[in-house]
Amino acid sequence: MKKPLIVQKFGGTSVGSVENIQKVAKHIIEAKDDGNQVLVVVSAMAGETNRLVDLAQQIDSVPNARELDVLLSAGEQISMALLAMTLNKLGYAARSLTGGQAKIVTDEKHNNATIEDIDTQGIRTLLDQEQIVIVAGFQGVNRNGDITTLGRGGSDTTAVTLAGYLGARECQIFTDVDGIYTCDPKIVHQAKKLSTIDFLSMEEMAKRGAKVLHLPSVKYAQKHNVPLRVLSTFKNSSKGSFVTGQQAPDGICGIALQDEMQLIEIDSTLIASLLAQCHMLGIAIWNTIESKNTTQFVVKYADYIKLKLTLSEKEHTASLVNLITVVGSMKEVSEDKIRAILSENGVKIIFYTLNIRSFTVAIRPEEVDKVANILHDIYIDSAVVIER
Ligand code: ASP
Ligand code: MG
């Protein structure tokens, strides 16, 4: 009988040192010794991708996109080789593969590519030979054979997509927290771990800034019904959080935080040219706020750096903002109540938007901790008990 396949992905902190790589190896060996085939996806060592981005930016604030992908993909190659060496040393056959070697084919969009196809034949052969296969996360090749990367945090998407193509029994995302929390526990200490969360809520959380899972990985898992679990490399006892179910329940499931956003204000007559620039540069506009003569746009800070090259100083003003989003069923969310409570606490709301499954307020970056804790207190601490 064919052995079941488990896909395990390890994030940057998990492979951040030789010592931690030993802990990673233990999880892999446990799954292998349990009688599974094991495919592993790794991120770059903690801080490595940022270091590489920084090097590139010392040369050019907007580096050549193709060459940036060549550079950034090197981070994951370091981790995959170190992990394969560790497993070999422990007596387990392991083989590392780059995205290209794993036959992960993406579209042409450098720095933010989408996986279009994976020819899994080579991987299957290695797995059937009892090898532990280690694939570099976050990268593939386009149809010309050029290296592409999937956008920051993209290793989750490599793992989930491989799990889907290979029909894995479970895709396990190992990280430095032991699951999916109602808010970033570093900012809201009261944040609670969710033992399960449905795909729709998870998607909305990821879309609004929750970093625990890369958004395309959630979308892929939902579409292809990939059993997805987030768990800790360092805390063995926890079963983590399971993402499952197509139905979003009533109530609020969490508060998502999005930092490093730029609010750009321009004269309304310049909208068409700004939209054209965004389209050409592949920049997503998060929000648009129109007032009498001016219009404000929210884009990621990194995108603003690109856009700035095409806008003159005179034509615009810009400031950093953070977005805080309450995610869930909006039945019990009152805009008036949020506005009143935040202004009682001296918080300046820059703007707010209401969507079907979320309510976002934009605030100054220095107020994030305060606002996240206030909203968490109202909508989660004083509401339902989530941990089951
Ligand atoms: N190393 C890449 C990043 O830091 C991809 C990942 O970690 O998922 O964004
Ligand atoms: Mg991540």
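Placement of Cβ uses the backbone N, Cα and C atoms for every residue, glycine included.
Because the structure is a prediction, the values reported are computed rather than measured.
The feature domain 'Aspartate/glutamate/uridylate kinase' is assigned by TrEMBL to 5-232. Sequence annotations record features per position, and here TrEMBL assigns ATP binding site to Lys9, Phe10, Gly11, Gly12, Thr175, Asp176, Tyr181, Lys211, Val212. Taken from TrEMBL, the feature substrate binding site covers Thr49, Glu76.
DSSP classifies Glu76 (substrate binding site) as helix under the three-state reduction. Only Thr49 of the binding-site residues listed as Lys9, Thr49, Thr175, Val212 bring a Cβ under 6 Å of any atom of ligand 1; the order follows the sequence. For the domain 'Aspartate/glutamate/uridylate kinase' (5-232), the model gives a mean pLDDT of 97. Residues distinguished by a CB atom under 6 angstroms from ligand 2 are absent from the binding-site residues Lys9, Thr49, Glu76, Tyr181, Val212.
Listed in sequence order, Gly12, Ser43, Leu72, Gly75, Arg152 are the same-chain residues at least 6 apart in sequence whose CB falls under 8 Å from the CB of Thr49 (substrate binding site). Taken residue by residue with DSSP, Thr49 (substrate binding site) is part of a helix.
Every protein chain shown contributes to the tally, and the Cβ of Thr175 (ATP binding site) ends up with 24 other Cβ atoms within 10 Å. Spacing of Thr175 (ATP binding site) relative to Glu76 (substrate binding site) is 15 Å (Cα to Cα, whole number).
Each residue contributes its Cα atom, and for Glu76 (substrate binding site) and Val212 (ATP binding site) these two points are 18 Å apart. Sequence-distant neighbours of Val212 (ATP binding site) (same chain, 6+ residues apart, CB-CB distance under 8 A): Thr175, Val177, Ile180, Tyr181, Met205, Ala206, Val230.
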